[in-house]
Ligand code: A2P
């Protein structure tokens, strides 16, 4: 699989398998197993998804060499600050049954509607990630759902520039200012819900484009993210879709196609504004 290079020189497989909303137990186990058999080498989970144990079991049972896989998990919002962050990291590692992580992300920034000292909380939490990185327990560190203002604030105190910002990104929801700030700091953008959680699969323009190229809207969305230098994390529990979402070399998107997709009307959700997310 093709890869992106992170700002610390680490290679990251260009498409990752997302596991949000895939329930712990057989569902997560089977989905990750399918994904590994289909050829994904990059799996994205999070403590709050509750499925780290099954994700880890599927990885172990696959027999695939650990150093050929790229595994990401995320720090949940209740665990911010130095001590809690270190403990949460160790718990995730144990639940996944791994000795190290490839990427650890702060799941959401603390924000000003929750905490007066939100910026200091984010800075302290980031310092804990820097410590874990320096200890060699994780190959790269980053953030998630950090819109421009939060990322800019974090960069004021960060010693290590985040390698990644994982945000909601799909046709109709491009978060241009945040993407621009990431690119200008060599921070790789990862797209969660690159298919708009399935909500944009009925869009007529995308359907016409997919028909013209004998592919599916899902594959168009994945290729579109890649065309923007953004790493997509599609998720699926359907074996055919799991496979299909890796098959994106059989068609091309022209510059005009990309312009068409970029100018689709807004199809986003407020779920990605930290101030509106209730936790
Ligand atoms: P399913 O599990 O039945 O495949 P996102 O990654 O943007 O959050 O979107 C995930 C949703 O999109 C899931 O509901 C998933 O359903 C669906 N999905 C994933 N890949 C495809 C595809 N190639 N074609 C159609 N639907 C897909």
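In case you wondered, yes, glycine gets a Cβ from its N, Cα and C as well.
A TrEMBL annotation is a machine prediction, not a hand-curated record.
These come from TrEMBL:
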type	residues	note
DOMAIN	14-263	domain 'NADP-dependent oxidoreductase'
ACT_SITE	49	active site, proton donor
SITE	74	site 'Lowers pKa of active site Tyr'
BINDING	107	substrate binding site
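A gap of 9 Å separates the Cα atoms of residue 49 (active site, proton donor) and residue 74 (site 'Lowers pKa of active site Tyr'). All chains included, 22 other C-beta atoms sit within 10 angstroms of the C-beta of residue 49 (active site, proton donor). Residue pair residue 74 (site 'Lowers pKa of active site Tyr') / residue 107 (substrate binding site) shows a Cα separation of 5 Å.
Sequence-distant neighbours of residue 107 (substrate binding site) (same chain, six or more apart, CB under 8 Å from its CB) are 46, 47, 48, 74, 75, 76, 77, 144, 145, listed in sequence order. Here the domain 'NADP-dependent oxidoreductase' (14-263) has a mean pLDDT of 97 out of 100. Secondary structure at residue 74 (site 'Lowers pKa of active site Tyr'), as computed by DSSP, is strand.
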